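K.L.:
I'd like to ask you about the structure that follows.
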Amino acid sequence: MLKAIACHVRLRPPASLGSDGKINEESIQIEGNHISALNAQGDKRYHFEFEKCHNADSTQEEVFQNVLPLIEQAYKGINCTIFAYGVTGSGKTHTMQGTANSPGVIPRTVDALFQKRSQLRNSTLTLAFSYVEILKDEVYDLLASAGQSRKRDVRTGADGQNVVADLTVLPIKSRVQFSEVYEVAARSRTTASTKLNTNSSRSHAILTLYLEVESNHDPDMKVSGKICLTDLAGSENNNMTGNDRERMRESSAINTSLTTLGKVVDALNVQAQRGATSSSTFIPYRESKLTRLLQDALGGTSQSLMICCLAPGEKFARDTINTLQFGKKAKTVENRLPVTSADSRRSSLVHPHRDSEIHPRRISQIPLPQSRRLPHIPLPQAPTLNPPVLLSAQTGLGTSRPGRPLLGRPALSAIAPNATHAKALRRSTMAGNIEQAEKENVGSVSIEGQLDKKKPMVFADDQKTHSSRTEIPITQDLLEARPVVPAAEPATAVVNGTAFSTTTLTEEERQCRAKVYVGRARVAQQSGNLQQALQLYRKAWECVPDNQKIKTRITEIEMALEGIISPPKLSSTKYREEVKAKGGLKRSRAPAGSLAELTYDDDGNESPAKRGKRMAAS
Ligand SMILES: Nc1ncnc2c1ncn2[C@@H]1O[C@H](COP(=O)(O)OP(=O)(O)OP(=O)(O)O)[C@@H](O)[C@H]1O
């Protein structure tokens, strides 16, 4: 039975701490199941239809009531996956986990399972759960006992199933016992404070509930199901989060795994469009642990629901549209659900007046796939958390082979956030760039050496002409202007044999110097000389040590040189030319990740590079 991934949307209310920035009430409009969002420039509105759209007033209970029908599929032996997707701070953890006063989907699901259990007369429902986080593409067992290593391998069995090896699966005896264990485990999930979210999840978290219903009259009559509740880490723009080096590493891993998620969805769309003969379509599940563990949810045999979480601030406009477009794409992926006996015939255990009854099947008649069997776990007598009951079992968290190719679905363009990131990583000759930098040996010493050579000046706005150069010509005004060191560290600097007092520079002069350095750094970066770009950005930062964007760019380049991330991108020359032609760029409109505010004057009448030249000359 084919079943498309369902998609719900939830808009978060404005944050009380003002971290959303400016909010335009008109930006995101929800009417019934229709949602529209304005782009960042405010000149285009995008429209979408989803199964359910929750506005900012929605309660946790309303969200859950719309999720419940899917969860109930697990009683038929169908695996269910629910995942929250969205930019950082958009309310994913709130939706999935919630708080003590406002519980989210996870605790409500467990409540619903216990309620169901109390209604059963002819059968017994047994529950267990596992909980893992994926941090920087490594899987950690959040239920592992203290002192035990938490890192786990993901293995693919001969049957194509991906399993987390040595995963701890704990039986759930009571609601209270679950809460005790779950809350401690959830607190151990990696979080950190960023500018956008004081409690930002740095990892993807997957909580899996295993169900087994056994007939009270015939132990061979059983049904097993699995519910995967996933809280994805949010995609991030490091310029907005103010991330430090470690946060940026996490952020890079988060963005990469989300990109892979987007690529998997793209590939499934391509496969669907090609039709039944497209079994050769490559689906890049193996590119990240996240997609390996979610394989069953995406093009597999699971019934899946994605909750797209949206943040209301204007600065998230682009993320909002990306998230909605990703939801639209995911919606076109169809999973192949197994046909259950409950679909095709009524079990002999069905009580005609008791709809809440579950209908187990005779195992010999309807063999369950190995991955769905609940590991045989002795239930503990009392809740034990410290040390937790460690019941290691190889348990399939997620996958089976995707169903056969899907028919008749249109392919959609690549629109996932950072969709080009991984492509860029492959394409970029990172090793080549570093090699080139090494070959040219452009360090601070050689740059200072170049200063002596008094080469002609090339400004940021000359990039188009000079972007292919790998050599950095040094400007006359750079030679003549006074050197700069950070304002925080007043000292006497010696450059080219001349001593200068840093206190002699005004704030405006520092700004201008920084802009010139940034312009030079961009040329170096564009020509692929990251080492030289790094030196020049560092010089710029010395002039304006409070500038977060330059600091971010320095860290990005350092990480790129170490091969941790792909080289950061600059806004295209064409784009900047267009902006210039329109009379400048407003700071708030600077493209994410760009240093546009440093290369364009706010009023657009004079470029900073020219202003720098003029200031330096005066
Ligand atoms: N529907 C809501 N109602 C009230 N507060 C909310 C709602 N959604 C989110 N919040 C609050 O907004 C803040 C950010 O939410 P949350 O931590 O869930 O975001 P997130 O998407 O999980 O972020 P990250 O990806 O950084 O982990 C939290 O303080 C949370 O309590």
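For all residues, glycine too, the Cβ spot is worked out from N, Cα and C.
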K.L.:
With TrEMBL as the source, identify the stretch among 431-477, 572-618 annotated region 'Disordered'.
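P.N.:
In TrEMBL, residues 572-618 carry the label region 'Disordered'.
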K.L.:
Under a threshold of 6 Å between Cβ and any atom of ligand 1, which of the binding-site residues Val87, Ser90, Lys92 are retained?
P.N.:
Ser90, Lys92
K.L.:
Give me the DSSP three-state residue breakdown of the repeat 'TPR' (514-547), ordered helix, strand, coil.
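P.N.:
Summed by class, the stretch gives 27 helix, 0 strand, 7 coil.
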K.L.:
When DSSP is mapped onto helix/strand/coil, what comes out for Gly86 (ATP binding site)?
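P.N.:
For Gly86 (ATP binding site) - judged by DSSP and reduced to three states - the answer is strand.
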